[in-house]
Each structure stands twice: as structure tokens, then as C-alpha cells.
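Colleague: Provided herewith is a single structure, encoded as C-alpha cells, for subsequent inquiry.
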Amino acid sequence: MSIKNAVKLIEKSKARFVDLRFTDTKGKQHHFTVPARIVLEGPEEWFENGQAFDGSSIGGWKGIQASDMQLRPDASTAFVDPFYDDVTVVITCDVIDPADGQGYDRDPRSIARRAEAYLKSSGIGDTAYFGPEPEFFVFDGVEFETDMHKTRYEITSESGAWASGLHMDGQNTGHRPAVKGGYAPVAPIDCGQDLRSAMVNILEGLGIEVEVHHSEVGTGSQMEIGTRFATLVKRADQTQDMKYVIQNVAHNFGKTATFMPKPIMGDNGSGMHVHQSIWKDGQNLFAGDGYAGLSDTALYYIGGIIKHAKALNAITNPSTNSYKRLVPHFEAPTKLAYSAKNRSASIRIPSVNSSKARRIEARFPDPTANPYLAFAALLMAGLDGIQNKIHPGDPADKNLYDLPPEEDALVPTVCASLEEALAALKADHEFLLRGGVFSKDWIDSYIAFKEEDVRRIRMAPHPLEFEMYYSL
């Protein structure tokens, strides 16, 4: 969509406001809202100059001594917000550093743009396609509190396995999925059909093509909405829009949606499998006549991801909660291997009917990942594999959780904690710096920023510690 078409959308919808959105390092969207008349008074100038804001108020960004930042709207992203009472056109923005007029080196969307530019400049390909699958839970309610004398959380979900013995307005229907029993049953066990359909209707209205929606494995209403792939920056934009729609539709239904990887103990967590392929001159470079129909280029791309996986974990699995999901036997891929069939491997090659659909699927990321950063980092790791012809070795076509100890010890794993992942990123990040995609300043500031998460968890007594140690 051009500036001209964005202006037409504002005029045709009779929008009262324009909502400018951007994403911080953690992956959370922020927004500033301006009256639509300001845009219409001089659209070309407004789209060029954007909106100034205080960058020091965004965690992990500028200090207060040099905090001026600029939002530059991307007209191609404009859509009418489906939730606001007053008609409002939403536009996603790049964050610009006024010092040089370029994308701020800590702005996730600018990093993603630089990754796309680096792919083209490398000569390897001209387009990278990404197709994430963010899973999520929808609960009836959640309570949590942390204080110096009290720490607790409690999830309320009529569809949770733990609710079988509860009185619910004097009646308990009994229809709910068991632990690990939530995958695609019909109603009344699947109580989220209408909710998901409402989400899908809005997503399709925003131009995000939905391919399927269904309940997922976890009890307590775990869900997935599968959407079509797109180019890197566009697909990251759509992932942010998806999260916004999912959380707001749930809110309007009187429920609460979360993308936490592991909100429920003892059941499957939520991942964000990321499908990827590289194209050049209209040809899929991952299609070939090798293992599972892959080309050498695709195998080298896999090799790069496996080589750098522990460093990638700091970006693709950026929360302390991420590593409560990445444990064996909960359908979470912990083994750094690849396979055409084996879902215990961290890289899977989906079965497809066409060479155009040939792709690889990274299964270890989760939806707390900032999509701009995660997709850019995965691409950079894969490109390093292609550039240096890093072969991933033989595929792993047997259950990696059932290997004998001597074989199991030979298969590398993803990180076991955020602390380990940050240490890996500190030691292995040169591949991210190529083409100026990520900066050394970003690496250092990101590690320091996320180490605060590690510190907070390390300093907080856990209720399980009282169970295990209080009476010793």
C-alpha cells in the first residue's frame, strides 16, 4: 500500500485517529495515537517526518541523555483497527535515530529489514519466506502476585484437567481434555471453536490468510491458528498483529490469552515452530534431490542453524520460562538434529507435494520470541551455514528421547536455561554482525537486558523450595 492508498483508507473509513505502532526488544508493541486530520493536512511530509518520542522510556534502548527518537510510518502496513470504538487506522513504524536518519540499531524491525537486505547483497537469494506457528493458551482467568513474603499464581480454566471436581455455578459438565489430551477433539471437549473462529474472521479481514485453526495438545484450552507464510519483515508484522488480535478477542470474550511457553506444570507448552525457505529468481533454493527432497543449500542452512542453535536460543527462546518447555517428553524438541519425520528433532522437514513448498521447520523457538529478531537471527545462522558449507551430518529418523545412553550423549542439545543461552550468545555472535544486521552494541545491551530476567528469578524464593526444604 502506497502513501496515497493509506490516505484513501483513512478518508474512506472516516478514521478519527491514526495509531502508530512499534515493537520493543522484548517483543511487546507500543503505540502513539494522533488525530487523523494531522496526517491529512500534509500526508507526504507526515509520512517522512513521522512522530517523535522518548526512547529512554523503552527498556534496553537509549539513555535519558540522548533519548530523542522518531517513528517513521510504513504506509504498506495500514489497516483499520477492529477493536477501538473510534475508527482508527493502524500503521506499523520503523524506529529512526535522528542522529543519522537511519533505522535505530536496536529497533527490531530495522534489524529485520537489514537481514533481508543482507540476503540480497550476499547473492545467495533474493527472498526469505517465514511461516511461524505460535501456539497459545486461553484461560478463564489468572491471578499472580510476587511480594517479599508471598509468591503465587493460580489459573482458572473450565477446560483444565484439574477442574473435574470443581463446582461451577452448581454444575460441572465434565467435558474437558485430559493432560496431553487436547489435540483436536470436537465440542463440547473443544470449547474454543467459536472463540478461534472470531479470531480468524478478524485476521482474514486484516489480510492475514488463515490455513487452519484447532485446539492443541495441552489441557486448559491450548490453541493454534495456522497462517500462510510471507517474507521476513511482513511475516514478523503479521505475527505481531496476530498476537494483538488473539489477546483482544479473548479479552472481549471475558477470557485471557497468553503466549507464555509453559504456563501449566506437567503438560505440553506452547512453541512457535518457524518454517523457512530461500528463493532466488522465482526458484525455491531448498528444493533438490537429496534427503527428503532437500538441496545442498537447504542442508547447509540446517547446518548453520544447528551450529549456532545455542546462541540462537537467547533470541528464539528469550524467557526464563522458555526452558521449562524445552524438556524431553512434552513434544518439545531438545535434540539438535534434523529429520523428515521425527518431531523430537529440532529441525523437521515437512512432507510436501510440490518442490515449491519444500522448506525446513525450526521447532525450538517459542512465542515469547520477538519475531523480528528471531527470524533475522535464524536467517543469519542459515546463511552462515550456506556460505561456509556447514553440513548437518546424517539425519535422525528415530525417537531421540529413547536413545541408549551412549548414543544420547553424542547428540547435542538446546540450552537448558536462559543463562546458558546468553553465555552462548556472548561467545558466538560474529555471524549476526555480518552486513551490519545486528551490531555489537545490540549484542552487549541485549545480553545485559536479559541477564536482569535471570537475576530476578535467581533472587526469588520459589514455592517448590518450601515444599522441598522448609522442614529440613
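Cβ atoms are placed via backbone N, Cα and C, with glycine included.
Sharing the features that Swiss-Prot gives for it:
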type	residues	note
DOMAIN	13-101	domain 'GS beta-grasp'
DOMAIN	108-472	domain 'GS catalytic'
BINDING	E133, H273, E361	Mg(2+) 1 binding site
BINDING	E135, E216, E224	Mg(2+) 2 binding site
BINDING	E211, H275, Q276, S277, R343, R348, K356	ATP binding site
BINDING	N268, G269, R325, E331, R343, R363	L-glutamate binding site
MOD_RES	Y401	O-AMP-tyrosine
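Set these features in their place in the structure for me.
Modeller: This prediction places the mean pLDDT of the domain 'GS beta-grasp' (13-101) at 93.
E361 (Mg(2+) 1 binding site) falls within a strand segment according to DSSP.
Annotation for E216 (Mg(2+) 2 binding site): same-chain Cβ neighbours under 8 Å, separated by at least 6 residues, are E135, G182, Y183, Q222, M223, E224, N268, S270.
Sequence-distant neighbours of R348 (ATP binding site): residues of the same chain at least 6 apart with a C-beta under 8 Å from its C-beta are H273, P333, Y338, S339, A340, K341, N342, I360, E361, R363.
Packing around G269 (L-glutamate binding site) is summarised by its Cβ count: 26 other Cβ atoms lie within 10 angstroms of its Cβ, all protein chains included.
Following the DSSP three-state reduction, the secondary structure of Y401 (O-AMP-tyrosine) is helix.
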Colleague: Do you see any of the binding-site residues E133, E211, R343, K356 whose C-alpha is within 10 Å of E331 (L-glutamate binding site), and which ones?
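Modeller: Close binding-site residues: R343.
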Colleague: Helix, strand, coil residue numbers for the domain 'GS beta-grasp' (13-101) per DSSP?
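Modeller: Secondary-structure breakdown of the domain 'GS beta-grasp' (13-101): 22 helix, 36 strand, 31 coil.
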Colleague: What other residues of this chain sit with their CB within 8 A of the center of the CB atoms of E133, H273, E361, the recorded Mg(2+) 1 site?
Modeller: G131, P132, G271, M272, V274, H275, R348, A362, R363
Colleague: Looking at the binding-site residues G269, H275, S277, R343, whose Cα is closest in space to that of E133 (Mg(2+) 1 binding site)?
Modeller: H275
Colleague: Please classify the secondary structure at K356 (ATP binding site) using three-state DSSP.
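Modeller: DSSP assigns K356 (ATP binding site) to helix.
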